[in-house]
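Accompanying notes for the structure given below.
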């Protein structure tokens with residue numbers, strides 16, 4: 001059995017080389033499970049090997065690395081808390097010891113006592129964004145970590161490209177700027193923005209939820225989250241598609257009522273518009289019923 005000073009020195013040595021300490025069964029039992037311990041260990045249980053095909057594990061690992069690096073390279077870094085990882089292929093005995101059958105899972109092993117219910121991170125509710133993990137760590141350990149992300153130049157580059165395209169159009173069509181007053185173009189741009197916002201894209205950006213969830217027992221993939229307090233990225237794409245279908249149906253109905261085309265074509269537009277509204281709105285209600293249990297309304301489908 002290692003004494004406390006040996007444990008701390010060993011962990012500090014590993015942490016100086018790698019922010020997230022990789023552990024197998026032996027290291028986990030000696031440094032995390034066995035007393036004495038005056039430090040907390042945040043452990044990510046995962047399955048990163050390619051043959052496991054755990055896409056969510058890779059996404060969560062990226063955010064976990066950002067959190068651990070933010071702590072390791074901050075001026076407040078101490079030996080009060082360490083970040084570790086147990087991969088299933090390197091520590092399957094740890095998974096069996098903890099009766100764990102899903103990944104990724106985050107657990108805080110506190111400095112004193114055994115993990116309580118709140119020491120298991122609610123991944124499906126909070127998502128795996130580094131900022132959300134940092135709030136949970138602060139709640140469980142009183143260690144506040146300021147998340148520092150690596151610089152991402154994709155946004156500025158896209159903005160620069162957009163400005164360059166707009167500048168090019170203005171330069172090429174300097175004598176004819178009527179296209180800037182095109183109501184259809186501006187309406188389409190505004191509609192795309194509204195559909196993106198109402199589908200939950202901003203929630204995804206803040207919370208960082210997984211794209212979908214695969215049941216480890218049955219292999220079934222769920223694209224709609226069963227709780228009204230959370231969602232998957234795939235779910236927002238589905239809602240975006242359904243809202244777009246309803247909108248297209250309303251546009252066709254408006255065209256059928258106001259256009260100057262012959263009656264036959266207007267009837268076709270009317271029937272198509274009604275069909276789109278009924279079908280996509282019915283599917284939207286189905287999603288609401290699956291998330292808000294007891295939701296009393298339905299349109300066509302259950």
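Even glycines carry a Cβ here, placed using N, Cα and C.
Summarising the annotation, TrEMBL assigns transmembrane segment to 153-172 (among others).
Summarising the annotation, TrEMBL assigns transmembrane segment to 184-203 (among others). Beyond the ends of the transmembrane segment (184-203), by six or more residues, the same chain brings 209, 231, 235-237, 239-240, 243-244, 247 to within a C-beta distance below 8 angstroms of the stretch.
Sequence-distant neighbours of the transmembrane segment (238-256) (same chain, 6+ residues past either end, Cβ-Cβ under 8 Å): 191, 195-196, 198-201, 223-224, 266-267, 269-270, 272-281, 283-284, 287. The transmembrane segment feature in TrEMBL is assigned to 238-256 (among others).
What TrEMBL lists as transmembrane segment is 268-288 (among others).
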